[in-house]
Amino acid sequence: MSFDRFSVEVAELVVDQLSDDVPSLRNVALVCHELLPRARFHLFIHIGVRNKEQMNALPEFLREKPHICPLVRCVTISTTDDELHSFTIFERVPVPLLTRLPNLRRWKVTNHALDFKGQHWLSLSQSTIASLHKYAARIGHLSINTLSFSGCADLVRFVSAFSGLHTLVCEEINVKGHGTATALAATYQRSAPQCRLARLFIRRDVSEAAVVALLEISKCSLQELALHVTREQADSMQLLALGGQLSKLDTLTLSMPVEGRKLAFTQAISRIASFFKLLSDAGTVRLQELRVHCYGSSFSALAAILAQEGTLEACKQLEQVLLAFPRHALKFSLAGGGRQSRSFKEDLKNSKLRDCFPTLWPLGQVKVELPSTTADITRTRPSHDGAVQALVASSDSKWIASAAHDGKIILWDVVQQIPSREWTASGKRHGQGSVSLAFSHNGRRLAAAGDSELAIWRIDDQGLVSRSNSLEVEGTSIHGCAWSHDDAHLAVDCADATIRILHGSTLQEARVIRLGRSASGTGPGGKHLLLFHGRWLLSARPGFPRHCCLWDLASGRLRKVLQGHTAPVTTAALDPTGTRLATASMDHTVRVWDTESGALITVLRGHSGPILDVAFSPDGKFVLSASEDKKAKIWPVSGGECTLSFKHFNWVHAARFSPDGRYVATTSWDHTVRLFKVEDGSLVRRLWEHEGAPVRHVVFSPDGETLWSGADDGSVSGRRLGNVLRA
């Protein structure tokens, strides 16, 4: 066997290309001793400090190995969930690092040990600020992530302490108090002359107060600004006024999601157009380059957005805004890959993007950034090709079933956390569509409703799946389905404003409940609700009524209307005994009802945003709610203030108690699943398997052994709860 020889220069070029891949660099250094110096150079360009022990040991390490000091260009100070009060590491200035590293130019601060009770807010002492002024003057690039400051003044003092700073990157920054207008104005006036910030990148989940504070001190020096477009920021007159004062601004990048509620994308484009109209009217900004970055978690999300009514007109409006600038760029970034990526890539030439951007597309100025082929091949867990729409567990804790917008159903083995079977929900249709799932109470049958078809699948002990029955409802589509507690009946919610009660074994129609013509409409958010309680059926529809209806199964007559919400009901849940019902609403409240009498027991107030999910504790004594205000809360079922509050950095979509009631699992648009202790509200673990996509679904297996979640990129993740607790 012969081996080709190549020069050291070629090998070193390969090493340079691997500079961002630390594991590969280590392997290269081990394989070839001659390449160790080059690999070592890249390995020590960026060093990280994760706890106080490492912080204290690093100066001694650098003293013993002085040849490493000139290599270091960047230092990251981060925290972990494992060390108590680890956030105090941010309150110290590591003078030995700042003085021993002559080429240090980048500084990153990342908090991975979040204080969800809100008991700690970063407020640096005057001596700490003075030390930063003295020793951090060479830092030109600062990145801060997941920090909470006591006030805007504290944030401004911290940033201004880096006197040589020219680039600032912010993500997940919160400010507790704004302070008085007079005090803030004085702080801005003192800090602005010292600020030389030329580039400011505002990423997701940075509070409006923090954005305003940073723009106030940099408005005379800022040349490049990147801003994440949110509803609050786009409508903020204060931000618009500041935008008109950025006299040196040359380049502006605006990012926005291509997913979420209906029309969110088109509304964001309208806000961008309005924003630039105000800026042009102000006449003070001399922008030369505009970039718009649209990001999404899946191909189906982009396809759904492009198919919405009004998107074509909005995109053409955006195109006109872009063409008004000498330099412009438009990019779509899609995180979700899977099996659909290849067909999507092949179809790009005929994409509807061509119609949406008729001028930019032929010029090649609409970029679509897709996941790499390697990333698709090396996915560690099989996934759907569209956003996960349903995630349910069988009562015997053997199976988890997931369904997604790709029209596929995957049956997962709970013990091994691997897929057992995969099939298309509809036997007649293999395209995309909405799918709803419901396990029978004996765990042997799975109902799947999609488009106009309902199918029942039998599952044996080995996970073999066979279609036992199906029904096509002509002239309408099915939004949801639910089994009665004895599995004798199956209710399906249809788009023609009817609920059809079917015999569970034959799917023969027993009766039809007519909701009225006005019930056929749906509004923003929420689930189509069907809950069985003995001989009664509870129903509610998102966007139509502000109440739930209680129906008599035997006669199909309306027994009771539970009225009281002032905005549409989003979701509902029954307690374990079926005697109480909790309804959540867009009006920011949860209402608890007596199911027998229909009487209102209590109203739970405390959320500042629409409530997206609600659940009872296993003992029925507490209610758990999840809201767009980025919090989940636990309430006593009898009423009163919430007893615990759990925090995320974006909408909390789902929340569930563990079967033993000791833990709460939450999912969020911040791409995480989080596990909390009910005993004291502390964070047990933050799970990142779905990083890059909003997570909307979470479920415990009934035996409490595993925790499952599903995200908008089509990924489904299962993990043993014991392993999570021990990690």
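Glycine too: its Cβ is placed from the backbone N, Cα and C atoms.
If you check TrEMBL, you get these features:
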| type | residues | note |
| --- | --- | --- |
| REPEAT | 381-414 | repeat 'WD' |
| REPEAT | 562-603 | repeat 'WD' |
| REPEAT | 604-645 | repeat 'WD' |
| REPEAT | 645-686 | repeat 'WD' |
Beyond the flanks of the repeat 'WD' (645-686) by 6 or more, those residues with Cβ under 8 Å of it: 81, 112, 114, 116-118, 146, 172, 204-205, 609, 612-613, 615-619, 622, 624-628, 630-634, 692-700, 702-704, 707, 709, 711, 717, 721, 724-725, 727
Local confidence of the prediction over the repeat 'WD' (604-645), expressed as mean pLDDT: 94
Within the repeat 'WD' (604-645), residues counted as helix, strand or coil by DSSP: 0 helix, 22 strand, 20 coil
